[in-house]
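See below for the structure under consideration.
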Amino acid sequence: MREILSIHIGQAGAQVGNACWELYCLEHGIKPDGQMPSDKSVGGGDDAFNTFFSETSSGKHVPRAIFLDLEPTVIDEIRTGTYRQLFHPEQLITGKEDAANNYARGHYTVGKELVDLCLDRVRKLADQCSGLQGFLVFHSVGGGTGSGFGSLLLERLSVDYGKKSKLDFCVYPSPQVSTAVVEPYNSVLSTHGLLEHTDVAFMLDNEAIYDLCKRSLDIERPSYANLNRLVAQVISSLTTSLRFDGALNVDITEFQTNLVPYPRIHFMLASYAPVISAEKAFHEQLSVAELTNTVFDPSSMMAKCDPRHGKYMACCLMYRGDVVPKDVNAAVAVIKTKRTIQFVDWCPTGFKCGINYQPPSVVPGGDLAKVQRALCMISNTTAIAEVFSRIDHKFDLMYAKRAFVHWYVGEGMEEVEFSEAREDLAALEKDYEEVGAETAEDDGADEEM
């Protein structure tokens, strides 16, 4: 088996995790107490869904997941919620005190106490796997736990499981909506860690997903639950090929191989279609071509950044449901002829497609319509540098005055770490610029036109 462990860190990680596991359980027909009526082989299991669930001898299915937070409130909700019987109590780890939006607390003082316990649990889960394939890590980079503890844990995982893939779903601060004043500090410090210790990072940002919910689902005031359900659909689409059998299956390591041209250029943009409410879905036919156009539309991106301002290096299109390769090839051919969608000149083909016959499921009482087919696109584009430059700018404004820095230094951090992290991100912006620049021998040709 090729198992995958999910690690959910901090409030954002845990709440996205709730939405994901709720959806996985629906897709596989697993009850909130872990029973799965349709599964005939009790105890053992080489079914595809065993990549995400382990089975006990009594036929209970337990998610291969760990939830961690430095303060208990969010995870206590899981301990008392609908799915409380699904998780092993040891998989829900909480500390006593909060990281208080402070990277240094999550990374040095408070986080240090929990990290060994946490790695111990990871080891226990890893020991149950016959062929561990990698980790999915969920966290935000604006808060304290997600950014500080998140990067601490990723560092330690790199040491203990160096060869395993680490895919990271990180919620980045949005341009307008802010939940903390020190977000720019936490994000820059955390990204510095993500650069080194993750293989692929998927960028999400609340504002972009808010706008999607408002515009496409007609939700006046989207709540985090609405946002997380949408994110869960994306993550479910990425992992369907690991949990079900399909025509063109995509493995986790395939993401890396096809999307990451250089080790540092591994921050991906995700988009999903159809984001559509039940009333509308009834009147629209969502063909493969239409879905393919929609995912390239800047307004369906899950992070606030406009791909038209950059060039694509690679795209991964994951279709699910009633889709045949012929339609996909036709749709991709149309996209290639579009002038608005530009690829870097050193990557002529740039598309990887996956098809999975399992149609998308929806959470009952949720906002999304039940549809026959859906598409999730993961793209590597130079436009994602916008996200970094935005955060860097805010970081510079605050750091020039050394505002709030004493909170970090007081928790045992060195001030030099700030400038190191900032320089690393400046280098990253530069990398993105160079990757998108025209190759030297083309310059002459362009001027003649």
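A Cβ is built for glycine as well, from the same backbone N, Cα and C atoms used for every other residue.
Swiss-Prot lists Q11, E71, S140, G144, T145, T179, N206, N228 with the feature GTP binding site, giving similarity to another entry as the kind of evidence. Within 10 Å of the C-beta of Q11 (GTP binding site) there are 24 other C-beta atoms, taking all protein chains into account. DSSP gives Q11 (GTP binding site) a helix state.
Mapped onto three states, the DSSP output places K40 (N6-acetyllysine) in coil. Other Cβ atoms within 10 Å of the Cβ of K40 (N6-acetyllysine), summed over all protein chains shown, number 9. The N6-acetyllysine annotation in Swiss-Prot covers K40 and is backed by similarity to another entry.
In the three-state DSSP scheme, E71 (GTP binding site) is classed as coil. The Cβ of E71 (GTP binding site) has 19 neighbouring Cβ atoms from other residues within 10 Å, across all protein chains displayed. The Mg(2+) binding site feature in Swiss-Prot is assigned to E71.
The active site feature in Swiss-Prot is assigned to E254; the stated evidence is similarity to another entry. A sphere of 10 angstroms centred on the C-beta of E254 (active site) encloses 15 other C-beta atoms. DSSP gives E254 (active site) a helix state.
In this structure, the C-alpha atom of N228 (GTP binding site) lies 32 angstrom from that of K40 (N6-acetyllysine). Shown are the binding-site residues S140, T145, T179, N206; the one with the most C-beta atoms within 10 angstroms of its own C-beta is T145. The two recorded residues K40 (N6-acetyllysine) and E71 (GTP binding site) have their Cα atoms spaced 40 Å from each other. Minimal Cβ crowding within 10 Å, among the binding-site residues G144, N228, is found at N228. Secondary structure at S140 (GTP binding site), as computed by DSSP, is strand.
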